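Swiss-Prot lists K96 with the feature active site, schiff-base intermediate with DXP. Taken from Swiss-Prot, the feature 1-deoxy-D-xylulose 5-phosphate binding site applies to G157, A184, G185, N206, T207, supported by sequence analysis.
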Amino acid sequence: MPIFYGTEVTSRLMLGTAQYPSPAILADAFRRSDAGIATVSVRREAGGDQAGQDFWGLIRDLGVAVLPNTAGCYSVREAVTTAQMARELFDTNWIKLEVIGHTDTLQPDPFGLVEAAAQLAEDGFEVFPYCTEDLVLCERLVEVGCKVLMPWGAPIGTGLGLNNIYGLRSLRAHFPDTPLVVDAGLGLPSHATQAMELGYDAVLLNTAVSKAGDPAAMAHAFALAVEAGALAAGADPMDARDMAAPSTPVFGKAML
């Protein structure tokens, strides 16, 4: 199982907590997913109202690790401040760092992301950066102290799957010892299987489950898909070929 900043997690599936039809459905989806980590919006908890307290109680009862995020932050200052709030609220140094650069695509701001990651790492945070598959950006993030990388598969909430297989495969080859998590854009269990087959350590998703007609069933489907992909990656899959190759022996074939 993946090891993030010295902590071994119980599952390769990480699940977000937003946009579920009800708290009961959220809890059921988590149970069916066997997810080991729940991502939680800091802004949702910062208000301190009863609904927020009830939600936090629900997450605690699930018995999963909590990864707070800085979703919705568009500047370094905003992201760093939100991360500091998260450490106070959740008593953890883990932070999923998001610094958004474009409103339409929700694409990460690479410059702000590196700057914020450097500040947070220096302050003792264990940063999980939401990034693209850009190799140079990921090198900079590792240089400033990130020991996990979370490249997107596609823009948040699109469900398009893995838009750049080449880039994701290259990233895996370049960082063989760094935990890599495909974050964002997954819509189907087959997308998660594909990420695992590329050798990624985990996947993080939210909308694909929360917006499904049956979130609990979809969560279970993703759990099975992640398991299948990880098993396949560890089984040394055959190499793809451009030309056909017979699978049955020709020795002893009758000569007509």
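Just so you know, glycine gets a Cβ as well, placed from its N, Cα and C.
Here the structure is a predicted model, which means the values were calculated and not measured.
In the three-state DSSP scheme, G185 (1-deoxy-D-xylulose 5-phosphate binding site) falls into the coil class. Listed in sequence order, L15, G16, T17, A18, Q19, T39 are the same-chain residues six or more apart from N206 (1-deoxy-D-xylulose 5-phosphate binding site) with CB atoms under 8 A from its CB. A straight line from the CA of G185 (1-deoxy-D-xylulose 5-phosphate binding site) to the CA of K96 (active site, schiff-base intermediate with DXP) spans 16 Å.
Take G157, A184, G185, N206, T207, the residues named in the record as contacts for 1-deoxy-D-xylulose 5-phosphate: the widest Cα to Cα gap among them comes to 9 Å. Across the structure, T207 (1-deoxy-D-xylulose 5-phosphate binding site) and the residue listed as 'active site, schiff-base intermediate with DXP' are spaced 17 Å apart at their Cα atoms. Counting only the Cα atoms, the space from G157 (1-deoxy-D-xylulose 5-phosphate binding site) to K96 (active site, schiff-base intermediate with DXP) is about 17 angstrom. Under the DSSP three-state reduction, T207 (1-deoxy-D-xylulose 5-phosphate binding site) is assigned to helix. Listed binding-site residues: G157, G185. The one with the lowest count of other Cβ atoms within 10 Å of its Cβ is G157.
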